[in-house]
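Visitor: Structure incoming, see below.
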Amino acid sequence: MHDNLRACDHIWLNARIASMDPAVDREYGDLENYALGTKAGFIHALVPMSEAVELNSSVSCTDLHQQWVTPGLIDPHTHLVFAGNRANEFEQRLQGVDYQTIAQQGGGIQATVRATRELCEAELYELAKQRLQSWLSEGVTTIEIKSGYGLTLADELKQLRVARQLARTLPVRVKTTLLAAHALPPEYQHDADAYIDFVCHTILPAAVNQGLVDAVDVFCETVGFSKAQSQRVLLTAEQLGLSVKIHAEQLSNQQGAAMAASLGALSADHLEYLDEGGVKAMQAAGTVAVLLPGAFYFLREKQLPPIELLRQYQVPIALASDFNPGTSPLASLRLMLNMACTFFRLTPAEALAGVTRHAAQALGIADECGMIKVGMKADFCCWDIDHPAELAYMVGTHSLRSRVLGGQVVSA
Ligand code: NIG
Ligand code: FE
């Protein structure tokens with residue numbers, strides 16, 4: 001028997017593996033009829049079944065009977081922790097009022113901020129925990145969670161603590177992102193620069209000191225913050241040693257993606273109004289394009305992100321749910337795969353890379369998650385499907401058979 005297999009804690013036999021490893025020259029990095037061995041939470045062996053024949057009975061095994069195995073899914077952009085809902089705004093928008101107008105009238109993000117400030121940490125935790133079940137039941141093993149509905153020191157930290165608590169109590173990896181520059185809080189209504197000072201000098205350092213934050217994001221938009229204000233936040237974050245991301249070019253072209261790329265941002269997200277200069281800047285910096293088809297759909301956006309340019313310049317494309325109560329109340333990453341194919345014409349293979357390898361890159365964890373490869377964390381899913389394209393094609397079926405996190409089979 002293969003030596004690496006002998007040393008494993010557990011072996012999954014007879015697997016069809018969509019490794020998503022670009023070094024494997026097949027559309028999904030397919031490894032047909034393989035054995036996958038894990039050791040101490042990591043993938044330790046990937047061996048053709050023909051080399052795994054005489055299995056030592058002392059190694060525990062699971063026969064997958066040719067089930068497909070993919071990397072655990074990764075949702076690299078969510079606003080999971082919030083209170084209340086905005087069904088009333090949904091109704092207004094269906095009658096023709098647009099998102100920006102609702103925001104200018106004190107609704108939008110501000111409405112969720114008011115509701116979120118009112119709940120205590122335990123209450124927010126319960127809401128987020130319930131929502132998170134949808135991600136787990138769809139095969140998600142890593143989720144990013146942003147703050148941004150507190151906009152005070154105490155309320156931003158409260159949201160981040162909830163995100164950290166979810167990671168401690170549920171079988172999922174969580175990356176936290178501080179998005180204190182999401183909207184201007186009422187306390188600073190006519191002084192955005194003073195609020196940016198407060199974010200840079202007070203909220204950011206406190207979040208770092210308390211170990212609550214993995215990355216920093218800003219909403220660079222006419223209804224958010226200017227490019228210069230966004231840059232101040234991201235520069236401060238970098239000085240504190242944090243990775244940076246940006247909500248950019250969602251509703252208009254503010255050149256935010258190029259600015260963030262010039263700071264080496266992990267990702268720029270949304271990007272419907274991104275131009276070629278922005279694409280080039282992202283390519284040069286290795287910044288991932290995180291597309292959010294849920295927000296595109298829910299806002300009935302007409303402007304498509306520049307998919308062909310992103311392909312042409314080989315900017316990695318990730319996909320995320322952007323789950324939030326205003327622009328994407330859609331708790332399904334599988335639905336995003338489908339929408340990315342139908343709206344953005346991604347191939348199902350590009351879509352799957354978008355919630356595995358490229359999503360990992362958008363979170364700065366490409367060396368540990370997002371592929372099935374020796375040395376990576378043993379986060380993977382086994383599916384009752386005939387082909388990986390089905391993951392993007394069919395929505396709402398319960399095709400997940402098992403979810404493995406750090407080598408352990410974990411239930412939803
Ligand atoms: O990603 N663009 C800014 N933030 C969210 C929307 C937040 C909200 O409307 O509550 C987004 O679309
Ligand atoms: Fe968002």
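Note: Cβ is positioned from N, Cα and C throughout, glycine not excepted.
Automatic prediction, not curation, is the source of TrEMBL annotations.
As the structure is a computational prediction, the values presented were derived from the model and not from experiment.
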Visitor: Which one, Thr38, Thr327, Thr342, is listed by TrEMBL in the same 4-imidazolone-5-propanoate site as Arg86, Tyr149, His182, Gln250?
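Guide: Answer, per TrEMBL (4-imidazolone-5-propanoate site with Arg86, Tyr149, His182, Gln250), from Thr38, Thr327, Thr342: Thr327.
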Visitor: Where TrEMBL shows His77, His79, His247 binding Fe(3+), which of Asp3, Asp9, Asp322 is named for the same site?
Guide: Asp322
Visitor: Tell me, in order along the sequence, which binding-site residues from His77, His79, His247, Asp322, Gly326 have their CA within 10 Å of His182 (4-imidazolone-5-propanoate binding site).
Guide: His247
Visitor: Reduce the DSSP letter at His247 (Fe(3+) binding site) to three states and note it down.
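Guide: Where His247 (Fe(3+) binding site) sits, the three-state DSSP reduction gives strand.
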Visitor: Please report how many Å separate the Cα atom of His79 (Fe(3+) binding site) from that of Gln250 (4-imidazolone-5-propanoate binding site), as a whole number.
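Guide: On Cα coordinates alone, these residues lie 16 Å apart.
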Visitor: So if I draw a 10 Å sphere around the Cβ of Asp322 (Fe(3+) binding site), how many other Cβ atoms end up inside it?
Guide: 29
